[in-house]
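To keep things clear, I will list the structure first and then write my remarks on it.
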Amino acid sequence: MSFLCSENSYQQQSKISIDIDKSLKNHKLKLEEEIRVLIYGQKKVGVTTLFKTFLLMGESQITPEELMDNRNNVYKTIINQLKKFIIISNNSKIELENNNNIQMSNLILELDSENFLWNKEIGETCLKLWNDSGIQKIFQSQFSEFFGYFFKHLQRISDENYTPTPQDLNFIKLTQNGIIEGKFTFERCLIKMIEMGIQTSTLKKWINCFSEVQAIIYVIDLSVYDIVESEDCSKSINKLEKSLNGFKEIIESKYLHGCGVIVFFNKKDIFREKLKTVPFKTYDKDYIGENDFESTTNFIKNKLLDYYSNPNKNVYFLINEESEVDICRSTFNILKDIVLNITYNSVKN
């Protein structure tokens, strides 16, 4: 894991950390209190994959009894999500592949989500519909990738001896507004991580829901610097620029002004390879730096820092370069530093 930037030197950070520890001890404040983190990024930048990595690396706070008690909730979640896809298909021009799939979709719609018995046949029906090209088109164009979690695990879930995993339960908590959260511990710190899978167009509607978070992890896909997508019939935008604009919108929100910020640069391997054949000038024609990894990432970093006007807080930059354990450890070390600084500043004030 590489640290591209921190506003203070490591020596300064160490001194600050010592001062903060003293203040925390004097005021009997404990870091063991819950650290609340929002993880966000544009569609398909790898937010859900990173979120699942954190959940898997952390220690679950869910008991075995709670796992079994939620078995039916897993089944209900699958049916309700599949119904959403089917209803969209029925109300749009996106048709299912054949009459057999249409008949199966009608059977799913007729199921009472609150009162039905899951069996192998229902599982097979759900899998066939999930693999339908029409359902896939709806999923890929209109839903965050975590909506597909249970469908990708249908074979395991349909086993008669199925017991939900802690990760399954975290994904049950998916709500209609596209928000999912998970609680876990990492190195004795209790983490509450929230993934915001909603679209950018509805961000302002929900951003006030996250006023209590202490840190933001904003994920950026480096490899899309040459890709332009259409937002509507009259407007198109570069995908990297869209991510940078999303970062600007997040950090300018009055509800998140007090948060620490971690920018997570993702898909660096694809980015490195693409630079060999696609000049970075494709993204910015005025770019005059070298066409190498370090120069281009520093350019992106500086653009993000230009958006960030809070002199009392650091922006941390991470690149996904090492093992999952190292990813988590580096991230959580920064989170602890962020929370300690927030606590220290509140003590001073």
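Using N, Cα and C of the backbone, Cβ positions are placed for all residues, glycine too.
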Residues flagged as region 'G5 motif' in Swiss-Prot, choosing from 98-103, 290-295, 320-325:
320-325
Under Swiss-Prot, the annotation region 'G1 motif' belongs to which of these stretches: 36-49, 246-259, 302-315?
36-49
Do you know which of 114-122, 123-131, 168-176 Swiss-Prot annotates as region 'G2 motif'?
168-176
Could you tell me which three-state DSSP class K267 (GTP binding site) falls into?
coil
Around D269 (GTP binding site), how many other CB atoms lie within 10 A of its CB?
12
Count, for each of the binding-site residues E195, K267, the other C-beta atoms lying within 10 angstroms of its own C-beta, and report the residue with the smallest count.
K267
